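K.L.:
OK, TrEMBL features for this one:
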{"type": "ACT_SITE", "residues": "H157", "note": "active site"}
{"type": "ACT_SITE", "residues": "E242", "note": "active site"}
Amino acid sequence: MTIATHTNVGQLPAIRIQAPDGAEATVTLYGAHVVSMKGADGQERLFLSAKSALDGRKAIRGGVPVIFPQFAERGAGMRHGFARVSTWRLEDSGLEGDAAWAEFGLALGDLPPSMADAWPHQFMLALRVTVRANELAMALTVRNLGAAPFPFCAALHTYLLVPDVCEARIEGISSDEISIIDKLDAVYPHVAGRALLSTSAGTRVMEQGGFLDAVVWNPGAVDAAALADMEKDEYKRFVCIEPALLDPHMLEPGKVWRGTYRLS
Ligand SMILES: O=P(O)(O)OC[C@H]1O[C@@H](O)[C@H](O)[C@@H](O)[C@@H]1O
């Protein structure tokens, strides 16, 4: 069986990863961005805006943007970092038991000069995306191949598809259950690592390791109206629950940091 096949999403080259049980994920090389994940039950797990740019000129609105090396505007670099707007390489793919995986890579030498000059650290990123049954797993590793330490932040900015954001309930991130009345943009430091999202469509379980923090975001009606790449009512159909490493992590030469995430 072919595990990884080449396809296109809009104008973007992409890889479709298929497990023998029918679970599949589609990942654009632009951003190593998971834009779709369907479980073996055929149900889509991720939101993707109908108005998202899919031509490599702007970050994709939906799916799982990889945030690195800066979160949002917490730094002098690009908003949410360059990883989500860079073109990654497909490194390898395969089967591990009943799970299909593909690994994507990005290093300093892959960046255009303007980006590389702005963040000239000898880094190497690997993102491994694995699907099986009703499960999506992602592992992000950051390597320092240079001679000097560098600081970074990272997140997997997951847009979870929901029938109606008003009815979503999130447990395990804060001591109180989180619900979204209107807009929510909140940071939760030092989370326990396992959270639940309940809606009328069922309960999703999210587990994270290495990512110490979590961010929950939904723009609400007013902020969504200001987003050029989102339809008027689309904000009702997702909630972002993002495993994140928000305090800059100093990575010493030769060292590796690893963050993991599992959605089931
Ligand atoms: O529009 P962007 O750059 O994709 O960011 C979306 C949102 O991402 C969230 O992670 C931030 O907490 C929000 O503040 C931000 O608005």
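Note that Cβ sites are derived from N, Cα and C of the backbone, with glycine treated the same way.
The structure displayed is predicted, hence computed values, not measured ones.
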K.L.:
Would you kindly give the Cα-Cα distance separating H157 (active site) and E242 (active site), rounded to the nearest Å?
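P.N.:
That separation, Cα to Cα, works out to 5 Å.
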K.L.:
Taking every protein chain in this structure into account, which of the active-site residues H157, E242 has the most other Cβ atoms within 10 Å of its Cβ?
P.N.:
E242
